[in-house]
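Enquirer: Here you go, one structure.
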Amino acid sequence: MFAPVTLASIPSPSTAVWHLDLGFVTIPLRAYALCIIAGIVVACIVTDRRMRSRGAPPWAVLDIAMWAVPFGIIGARIYHVISSPDDYFGHGMEGFGKAFKIWEGGLGIWGAVAGGAVGAWLGCRQLGIKFTFVADCIAVGLPLAQAVGRLGNWFNNELYGGQTSAPWGLQVHQMSTGGPGEPPVGQALVGPDGEPLLREGLYHPTFLYELLWNLGVAGLVYWLDKRFKFGKGRAFAVYVMAYTTGRVWIEAMRTDPAEVILGQRINVWVSIIVFAGALAYFLLKKGPQEFLIPLTEGKGFQVVTEEEFLAFQAEGARPEASADAVADADGQGAQSPPAAVADDVAAAPAPSANGSEADVAKAEADAARADDADADAKDTTVSEEKDPSTASKD
């Protein structure tokens, strides 16, 4: 599976796809997909621990992941297709049809982040959890997932840089394209001696650079968030800024085909733009670290500060909800009425549990008629006392 290790080099696997024969069907097990799945598992475990420590119910992250993962995969594929137009729109309908063959590879991280964010937002609406709360909690697990996922590029012998004489230079196999006389896709080409064929020279393992960078990003975000207690999505903004900083120089080292704009690969420009957006958000958005306590009625959670969360855990003290601190079952902030309206509402008769506006109006009318009847009865009594002819006699 691995090429012989030469002095001062990193070997690469010669197999990226295994085939599980069940007799009635053969299932391809792709290393890249397995690495992506493993990364998702790591992200869910880490994020669950962070969400639980801040008041979320156990494994609520799985309900969010059910939305975020498929949306992320779709977004990643769309971004890859758009950013590689020649591969999918330069060969007529045959090339366009390849856009739907996601199993042949081709995912873009920025599409995954954008699509995953949309899915996570939908999941948050279903649970009644604020999106920024989840974004801050996932800011550590997400770069860890990316680090694990980069191992898939190692199995595929792809996304490497230029040649190098560094002691960590990467051996790269000549991988099959599935052409006539070649092994199945995912296998290295084999020479006359039966050994996997290697490309000449050693190459920068850019996948490894990004893997290590992502591990550093996860550690940095964890430390800064613990030290400064970021809230309102600012921890996620730190992750984005840290990741894009590394992606710029790592992307510039890669030699795989890519769209070039003004002399730079398209992902370099995207990283710069995303970094600027994350920086602006981080500087403009302020707020304490967010914690959750369940609402007393309905489905959803109230967002509170750490002090309020600890007081609720210790004494059951529930702080007064503000307009932007409550998320209902649809994930929307509950709106508090103006003070004048609140006073009017407090003074008005309370409707019954199942009453409608019409029922309330009818009840008010009945009460008014009853008051009039009482007033008439009192007037009649007074008149009787004043009129001797109507007075009772012994």
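Keep in mind that glycine also has a Cβ here, set from the backbone N, Cα and C atoms.
According to TrEMBL, the protein carries these features:
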- 29-47: transmembrane segment (TRANSMEM)
- 59-82: transmembrane segment (TRANSMEM)
- 102-124: transmembrane segment (TRANSMEM)
- 131-149: transmembrane segment (TRANSMEM)
- 206-224: transmembrane segment (TRANSMEM)
- 266-284: transmembrane segment (TRANSMEM)
- 321-394: region 'Disordered' (REGION)
- 322-353: compositional bias 'Low complexity' (COMPBIAS)
- 359-394: compositional bias 'Basic and acidic residues' (COMPBIAS)
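Give me the lay of the land around each of these features.
Expert: Only residues 6 or more beyond the boundaries of the transmembrane segment (59-82), in the same chain, are considered here, and those with a CB under 8 A from a CB of the stretch are 40, 44, 47-48, 51, 88, 99, 102, 106-120, 122-124, 126-127, 129, 134, 137-138.
Within the chain carrying the transmembrane segment (102-124), a Cβ under 8 angstroms from the stretch's Cβ atoms is held by residues 28, 30, 32, 63-81, 83-84, 87, 130-131, 133-135, 138, 146, 156, 185, 247, 267, 270, 274, 327, 331, all 6 or more beyond its ends.
Sequence-remote contacts of a segment are chain residues at least 6 beyond its ends whose Cβ falls under 8 Å from one of its Cβ atoms, and for the transmembrane segment (131-149) they are 35-36, 38-40, 42-47, 50-51, 54, 56, 61, 64, 109, 117, 120-121, 123-124, 210-212, 214-215, 217-218, 221-222, 225, 230-236, 238-239, 242-243, 289-290, 292, 303, 331.
Within the same chain, residues 10, 139-141, 143-144, 146-147, 150-151, 153-154, 158-161, 168, 170, 230, 235, 238-239, 242-243, 246-247, 250, 253-254 sit at least 6 positions outside the transmembrane segment (206-224) and bring their C-beta atoms closer than 8 Å to a C-beta of that stretch.
A Cβ distance under 8 Å defines the sequence-distant neighbours of the transmembrane segment (266-284), meaning residues of its chain 6+ beyond its ends; these are 83, 108, 110, 233-234, 237-238, 240-241, 244-245, 247-248, 251-252, 258-260.
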Enquirer: Residues sitting near the transmembrane segment (29-47): Cβ under 8 Å, six or more positions beyond its termini, same chain?
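Expert: That would be 13, 15-20, 61-62, 65, 69, 103, 105, 134, 137-138, 140-142, 144-153, 155-156, 186.
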